[in-house]
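Summarising the annotation, TrEMBL assigns compositional bias 'Polar residues' to 136-150. Marked as domain 'Peptidase M20 dimerisation' by TrEMBL: 746-895. Summarising the annotation, TrEMBL assigns region 'Disordered' to 128-164. Here TrEMBL flags 171-210, 211-242, 365-397, 508-544 as repeat 'WD'. The signal peptide feature in TrEMBL is assigned to 1-25.
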Amino acid sequence: MRYGTHYRVPLVLLLGMVQFTPDLASLVGIGEIPCNMEETGPVRGGLVQMKEFSHKTVVRPVPSNFVWRLHGGRRSSSTNSIEFGDMAVDVPVPRGSFDPWNQQVKEENGRCKGCAKISKARAVAHLPESPDLPSHASTIETVNDTMPTPSLQPPDLDDGCPDSAPEQLQELKHNGSVLAIAVSDDYIFAGTSKGEIAVWSLGTYRLVATIQAHKRSVLCLFLTDDSRYLLSSACEPIVSVWCPKTFTRLYEIYSTYDVGDVFSIAYSAQHESVYIGTQTQDIQWVHLKDPKRRVMHDSNSHPDRRQHRFFDSRAIGGTSTPRRTEEHYALIPRAQTVLEMDAGAVRQYAHYGWVFCMRIAKGPTVLVDPDEEVLISGGGDGTIKLWRLSEEGPEYEDGERVKGDIEELMVLGQDDSESVMSLVIDGSFLYAGKLQGIIELWDLDTKQKLRVIKAPDGNVNTLKMDFGLLWSAGTGGSASKHSTLHYGRDPNGASQNVSQKYQCLSRWKAHDGKILSSAVTAHQNDQLFITGANDNTVRVWRVNGMPTQAEEGVGKSEDMMITSLREFVSYKTVSSRPEFTEDCRKGATFLGSLFKRLGAQVEMLSTDKLHNPVVFAKFSGKLEPAEKRKRILFYGHYDVVPADMKADSWQTDPFRLVGQNGYLYGRGVSDNKGPIMAALYAVTDLLQAKVLDSDIIFLIEGEEESGSRGFQETIRKNKDLIGHIDYVLLANSYWLDDDVPCLTYGLRGVLHATVCIDSRLPDLHSGVDGSNMMSEPLTDLTLLLSKLKDRKNHVNLPMFYDGILPVTEEEEARYDEIANILMRRNPANGPIDVLKRSLMARWREPNLTIHRYNVSGPDGSLISSHATANVSIRLVPGQEVDDVIASLKSFLRAEFAMFESDNTLTIRIDNKAEPWLGVPGNYIFRTLEEAVMRAWGGAGAGANGTSGVNGTNGEAAPTKSRKPLYIREGGSIPAIRFLEKEFNAPAAHLPCGQASDAAHLHNERLRVVNLLKSREIFGTVFRKL
């Protein structure tokens, strides 16, 4: 049997025990609600069954390097953070501008004083040349632990929702808070904190009746779909069933258990049963027509008459506490029928929290028949449960059976703990209103959380779906309407992508208090949204008519991917410049919020060093069990290189996305913000189509343009969170030209070094002090660096070329194909053998470059006491970075020793990245190749970009297709080889842009067709992998 011994404790003790569920007063904000000990004396409605389970609140230590976390509507942060909205942001300390040779990486001798002196002098000289510094830049320069920390983050999810209120038709006043609303064709019903149900005419808004329905506050009103019954519950264990036309009390229902308050009610027409969600975490039910459940009005089992173990107990010689009574108790109408719930008609611990909301839905998931009714419940434990309903329950020892039963069918949100306050169902889509203004969208067919929608401020106490819109309201007093899949359908009736929906169309301050309930209806050609709050009012809003300007924009507006990219580009996420530190953090916050809204689990990963955070986002696939899912990691970066806004080189504002002639212009649009948006919205496409089987993990760093500082350390530290990875995918480069799609399978590695020569003497005048008896640092440095290469550009480091992989026949054929294509496109590239040799030299051969000299002292005829030069070495597969570093150091030290100089040599390694070589024939490259051919095949990827759009729009691609070019590149991406080795997973690289994208240059751009095609390619790859 599912029922057993129960123990009763006062409500106040329960509140102290069940810490994960907010108390009712905090939820509804009603001072006069009689659900507390002070107003009710002995709280009979508040007596509960004490369940035999242990609950302990685990307080996890917050690491000092933690920045912020976004997960399922919760937030946590380090203790020194400042919260804004749903985020908490650690305050960073600005760092120096990025220079690959200007890192604080120390050799055994530490950073030489000469370099430090030059850096400091340059920093001082640079300050007057930075008009774009924020007004608080001077303050930032002196940040310390004792200073107050400035805000870096605006309020979360500032989505620009229009603040426009619909027409208010009526304001209906009452003398108590309005906790519940229901509406029929003729009446508006409002449950109040006085235990009354106020009834107004829907046509004239005249008060028709005031019914004393309960002793204490009415918590729930529910009108059945056929308008046959109006059900009410309250801060007491009594449920009433009313006739919504005559206001007759048809049934009085109670439980044999002390259930406390009844928060929610649902009714199944198929089973003619009432289901209640209680304060004691149970769901109970009763069949209205079950004759065995009928009892006399004066039954001793009634909560008003039965012996209470706690309040009616007494010591020897003592007396029991008198039962409270008030005049309005006598005004409650006598019910025609009294029903006592079967003791077996209960699902104990349906939730480990109060059962705040319930709904009956017909066929909401493929797990049941289309016409089968399912009970959906939401609880204070953060979970949503679906229950299968049946006619027969468990059997008693005497052979009799309980009338009805519920069987757990599905559980959602187990990784969350934020209370579910409201539910609304739309086909297989379920919306859950939660605390802190969060609405979650779940797909009941795939059990996936599709996205998170930001609703009104405060807890989302009420959700409604009607007129193709999602209506919400909460404790902040604001109401909102969002577009849904049913809004803005095309002429053929097909809805747009899920990523184009759920935009906030309007948000307005509907009440001066906390909105606790709402209803939607149509009456006399008017569409009405009705709200009730603890300001003792019901307000009726007319929401029909022509769409607002914002609503019109939804149907006609650009794709949400481009809208998101537009905002993404607006953040000046320049990781190499300290004046843009705040913008980098804001850009990371925007990206994390976007991932979260689209349904991902999101966390911001960082270390104790002051680097920009890595945005972690995980989209869960639908394949069960989860262990069978493939896990695909997409790597990208949200930081960009600087854009010179003072010169006339940019034709547009680099941080404002501008569309011209089929291209999108803006800093980072091609490198790497556009590809990130394409990959993200490819996932939303798959979620909407219910075909995402694999888990997709995004790791988007903010330091790639600055040598990926702290990235490896951050990933290693959070490897358990990231989990195992099967494939690594990135899109951070470009085609060879503007016409032929490519796949990149190789990148060179790199190491950056600084070579310094220092004198024991200060800066001297060359005329007064210069002589052939003096060792000059700059001369020594010049002679030393000349030893690194010969006249044929051959690098002289010992064993430098050992281990380089030979050219295979397959690779040779690739270079021949690439050279032939480039020659056909532009004969000026030739001759062909020189072009091929140039490609091989840039892609698969190492090189050493001396970049610049720096000396101490002002300009003039000086002998500088310090001379330094920056050196980079590009490495290829077969060369080990650490071996080359050791060879470089030993070679320079040996050569310098031969000078017999009085000066000292310092060598510092500033940055390094391993080379990467993929396997073009493996599964991930084959999948990418097929996806590229499907998207671009036969469509023509030419510069005009007018063809090939059909594939993106879902039409069949032409049959003619060609393989993409397999290319290598001379540049370096530090993360790719690291991720491949760290997770033991093969990596592949999809270039999204064209050669003319001008990444890192002025007027950076990305063709719209390339963006859309990349989204299509990512979708195919994510689905097939």
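Glycine residues also receive a Cβ, built from the backbone N, Cα and C atoms like all the rest.
Tertiary proximity for the repeat 'WD' (211-242) is limited to same-chain residues at least six positions away from its ends with a CB under 8 Å from its CB atoms, namely 24, 30, 33-35, 40, 44-46, 177, 179-185, 189-199, 248-255, 258-267, 269, 274, 276, 278, 288, 303, 326, 328-329, 331-333, 335, 517. Applying DSSP to the repeat 'WD' (211-242) sorts its residues as follows: 0 helix, 20 strand, 12 coil. With DSSP states grouped into helix (H, G, I), strand (E, B) and coil, the repeat 'WD' (171-210) comes out at 0 helix, 25 strand, 15 coil. Taking the domain 'Peptidase M20 dimerisation' (746-895) as a whole, pLDDT averages 92 in the prediction.
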